[in-house]
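First the structure, in the form of structure tokens, and then the observations on it.
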Amino acid sequence: MHLTTPGTKEGKKARLYLHVARITMIDFNSTAFTNPSTFFLMGIPGLEYLHIWIAIPFCSMYIVALMGNILILFIIKAETVLHEPMFYFLSMLAITDLILSTSTLPKMLGMFWFNYHEIGFHACLTQMFFIHAFSGVESGLLVAMAFDRYVAICNPLRHTSILTNTVVAQVGIVALLRGLVLMTPHPFLVRRWPYCQSNVVPHTYCEHMAVVKLACADISINSLYSLAVIVLIVGTDVTCISLSYVQILRTVFNLPSNDSRLKTLSTCGSHVCVILTFYIPALFSFLTHRFSKHIPRHTHILLANMYLLVPPMLNPIIYGVRTRQIRECVQQLFMTKIS
């Protein structure tokens, strides 16, 4: 008989699977063919023995995201010179990033460091809703910021009259409502299915498709609705952003000098970087999850985590480094504290 040593990689995996089996048997004895009372988040299958180490960079990224976005919000609120449409949209983006990262990271760190794998059924649905809804909200805010750059560059004399405080608030509300409305059916669709196979979610958080695949029912409606929403949001938003930048480039190339062109384009640099950090990880995560059967599961999950962790961490850094007004306000703030 082969025995596993408790401290080895195999021993840790054996204890985890035994714990999963015990919870699953208890839950199924009382809730067979109904909604389970709890789900069990597996973490990163195949890399369980590295959870404690993977949590270190994840925690660091979360701390940077918290500090950076809170600092952005504080500076925009405190400095009247930043009370402009671009910075109002940036503050909305910072709030969205705080919600996205906080909806996943604390639970994930508890799982990695303290083996707290259980999550209540309704808590799982709530986490799922916040993740997907505010991902949609962030995409909408990137469109709003692209429109702000379009008006500022292509029609600068009317920028303040077009994007008034009221219009900015209305655009933010529309972005919020669109994300909430389109993602509201997700938890209700998930809740209606019976879960008679397993309550073990092979993921670090309650990702929609990872949960519904546990249902012992035809989940094609979930798959089709999820795909339709993704195509609608991403397709519409990327098209709008692309059209905005086509018009921006046409205006820039009609400027008389290279210096004026570079100066105008530099005002869009931060927004372009933020767009890339949001859509590229999302695209890789979506493509590997939907169309590749040969990529290891832990790669899928790590990409999904990067999609939720990288943008909230990088967005305040990008805007803090590349935006002159924010950079000067930060320097002034720290110089005041030192003196």
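Cβ from N, Cα, C; glycine included.
Per TrEMBL, the features are as follows:
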- 50-75: transmembrane segment (TRANSMEM)
- 68-319: domain 'G-protein coupled receptors family 1 profile' (DOMAIN)
- 87-109: transmembrane segment (TRANSMEM)
- 129-150: transmembrane segment (TRANSMEM)
- 162-183: transmembrane segment (TRANSMEM)
- 224-246: transmembrane segment (TRANSMEM)
- 267-287: transmembrane segment (TRANSMEM)
- 299-318: transmembrane segment (TRANSMEM)
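Through the fold, the transmembrane segment (162-183) approaches residues 85, 88-89, 92, 129, 132-137, 139-141, 143-144, 147-148, 151, 155, 229, 232-233 of its own chain, all at least 6 residues removed from its boundaries and within a Cβ separation under 8 Å. Mean per-residue pLDDT, taken over the domain 'G-protein coupled receptors family 1 profile' (68-319), amounts to 89. Remote same-chain residues near the transmembrane segment (87-109) are listed as 41, 55, 58-59, 62, 65-66, 69-70, 72-73, 76-77, 116, 119, 127, 130-131, 134-135, 137-138, 141-142, 144-145, 148, 165, 168, 171-172, 175, 204-205, 274, 305, 308-309, 311-313, 315-316, 319, 325-326 (criterion: CB distance under 8 Å, separation of at least six residues from the stretch ends). Taking every recorded stretch in 50-75, 129-150, 224-246, 299-318 and counting its Cβ pairs under 8 Å to the transmembrane segment (267-287), the highest total belongs to 299-318.
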